[in-house]
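Peer 1: OK, Swiss-Prot features for this one:
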- Thr82, Asp84, Glu97, Gln116: Mg(2+) binding site (BINDING)
- Lys99: site 'Transition state stabilizer' (SITE)
Amino acid sequence: MVNYPHKLTSKNNIKKVKKETVDFANRGMTFEKMINDTNDYYLSRGLAVIHKKPTPVQIVKVDYPKRSRAKIVEAYFRQASTTDYSGVYRGHYIDFEAKETRQKQSMPMKNFHAHQIEHMNQVLNQGGICFVLLHFSSLKETYLLPAPYLIEFYKIDKGGKSMPLDYIQKHGYLIEQNILPSVPYLDIISKNLLGGHSNE
């Protein structure tokens, strides 16, 4: 080691540059939070009871580094999840999936799986209201697409390509984002799927 005047070493003069890491796994968390906040708003005003479904997980191994702490080190999905949210609105069962993309012209169909499409079909067959919320983060636009149009496109596309934005705009509804509720999707359901009036 080279000694410098006043016993400074060379390492004292080197600035450490911290590399920023991007967590791609949490890319959709902002949109999810917007939906959760919207659902909390609806619940607090007695408009609807809609919650995010828990993901079914089987815990296999747990470590206990301290008595008061437990750390899950191995877990598996018990079964394929269906859709993200479900609940009740004005006596109607509501069931929907939420997807986000940075693409500007289409929504990747690889985001949808056969078991989800089948589940949506089953909900519709029972008279439930089923749809997808599609958020284009680059455009700052969110659409509500009724499940029949997603199912129809999925059957043609076989889940392989992407759903064009113009298809979504033709068959879906643009949701005007708000401060609270952030994603007022119940207004779309009320006006266009139930033929009623807005909640606001």
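Numbering starts at 1 and runs along the chain as displayed.
Any Cβ shown, glycine's included, is placed from N, Cα and C.
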Peer 1: Are there residues of the same chain, six or more positions away from Thr82 (Mg(2+) binding site), whose CB falls under 8 angstroms from its CB, and which are they?
Peer 2: Lys53, Asp95, His115, Gln116, His119
Peer 1: Could you tell me which of these binding-site residues, Asp84, Glu97, has the fewest other Cβ atoms within 10 Å of its Cβ?
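Peer 2: Result for the binding-site residues Asp84, Glu97: minimum number of other Cβ atoms within 10 Å at Asp84.
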Peer 1: What kind of secondary structure is Lys99 (site 'Transition state stabilizer') part of, going by DSSP in three states?
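Peer 2: The residue in question, Lys99 (site 'Transition state stabilizer'), is strand (DSSP, three-state).
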Peer 1: Over all shown protein chains, what is the count of other CB atoms within 10 A of the CB belonging to Lys99 (site 'Transition state stabilizer')?
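Peer 2: So the Cβ neighbour count for Lys99 (site 'Transition state stabilizer') comes to 20.
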Peer 1: Which number gives the other C-beta atoms within 10 angstroms of the C-beta of Gln116 (Mg(2+) binding site), all protein chains shown included?
Peer 2: 21
Peer 1: Which three-state DSSP class does Asp84 (Mg(2+) binding site) fall into?
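Peer 2: Asp84 (Mg(2+) binding site) sits in coil per DSSP, no helix or strand.
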